[in-house]
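According to Swiss-Prot:
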ACT_SITE  177  active site
ACT_SITE  378  active site
ACT_SITE  440  active site
CARBOHYD  429  N-linked glycosylation site
CARBOHYD  490  N-linked glycosylation site
TOPO_DOM  25-512  topological domain 'Lumenal'
TOPO_DOM  534-634  topological domain 'Cytoplasmic'
TRANSMEM  513-533  transmembrane segment
């Protein structure tokens, strides 16, 4: 009995050590991107990428791609970027909008001169689970906004555990389109978390930026028609207009009968009908319609913008390359390649029990500044709808952009490097920026202008680091200097000191991860040695008393002369694990390689990412034309 208890305690200790080793395998070093296929010559932007588990019971993991800032201006900042959909990958933002690189073709990256990582760490997250490189069991897609926000906070908790050097940064959450629902909900959950007395480390949420956001559905649904009239897409006296106005009345009635919703089916059909009835057969014999993301452009019906932007033809094949997937630490058992927008996620995420995010904005504005920006040529989440809900909303003691009763904050004309860029308007913690001649994806059209906007909103001060400031003016008045396009200097002692602190924190995190694994390995080795010693001693004792031989139910371990159970254990998996062809248990590795340990979990081979949405794409990875409602979404 005592022998059995000793064996049980021994294997329990070994199992505990193995379990700890598995959990410790995810360290900052595991996420480090050592090289990126197609990257331009010169130093690679420091980056990390991979999955973080947010719902173990549903096998839900969020994928992130993090880029370290180029320069530190007066304080550390982190910008988190989310695309919309719902179900559209934030790698759109990484490779077509605000990330450090753009694709010249499907295998060549070039620098993005307007990248948002100039003065801020920049992280893209495929959100919610099932989107892009993120994954979850196919029957467990997120359906409500609070559930999404809960998972995102879990993601941030684990991210900051892995990278504690970023946990006290000023945090900004940015994105576009349907992220106008995600971002306010995430912000609310962060603010609630910070108010919890049990929270040890508060996160410094400093601002939200939402571009062409789907925030106030009621105003946006009505704006489909108002925007079309203003742009000459629709004749107010036409039969088409009468049909659409009747549809909108049905939409308004459903809204009134059922209360505010994020998504109303009868209202969604207004845009689809508008695109269909305004389409025409043109000289090439094909039916063409307006591009709903940029009304200056045309597209074949029923795509109506889903073939845009042009960079998309390079992004999809690039993110499906085996070497790129490996470089970004995407799970190799992924059942499908990267998809820009996962239809199954969008179909599940109806948020029928969630209030539209506009209901959250007034309370958030009491604590956090918000910047809303719009591209003037976007139809699907157009600026008329955004301006309408701002005008109706009451926050911080006033309605709309009132500065005094009856007096509104002026729209200040914005010029960028001598060109008309749009206007700015702000009051009581809310800023609104209209980008002239821009589409649904503002940073795609104007990356440098968009970063100028970001830097001003964050209060970037380049006086300590130098650099060439851009000429950006409001009503002719030159604004505080920020650099756009030119590299900032890095010459002051203050800058070097801040960088040194950051590096020290980072390497401390890496060392800590390595030390934990070494301790676990040492404990396991001692426990195993003790067990072997006790087993040999006991076996010798049995032979001396009985003259017998070891039991047939056990096997001899070659080279040790000891016995182990013939039933495989967790230790067996650890013992056979090899790194670069070398035996990990034998110690044939250096300390830095501990960061590269990865253990396959039981779930590795059984998850699927949007497997039921693969029918949206053809063999080349391009989206099939399934009508306006079956494509990118918002």
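Including glycine, each Cβ sits where the backbone N, Cα and C put it.
The shown structure was predicted, so the numbers you read here are calculated from the model rather than taken from an experiment.
Here the C-alpha separation of residue 378 (active site) and residue 177 (active site) works out to 11 Å. The Cβ of residue 440 (active site) has 29 neighbouring Cβ atoms from other residues within 10 Å, across all protein chains displayed. Working note on the recorded positions 177, 429: by count of other C-beta atoms within 10 Å of each C-beta, 177 ranks first.
For the pair residue 429 (N-linked glycosylation site) and residue 440 (active site), the Cα-Cα distance reads 24 Å. Annotated pair residue 440 (active site) and residue 177 (active site), C-alpha to C-alpha distance, rounded: 8 Å. Within the model, the topological domain 'Lumenal' (25-512) carries an average pLDDT of 92. Its Cβ placed at the centre, residue 378 (active site) has 28 other Cβ atoms within 10 Å.
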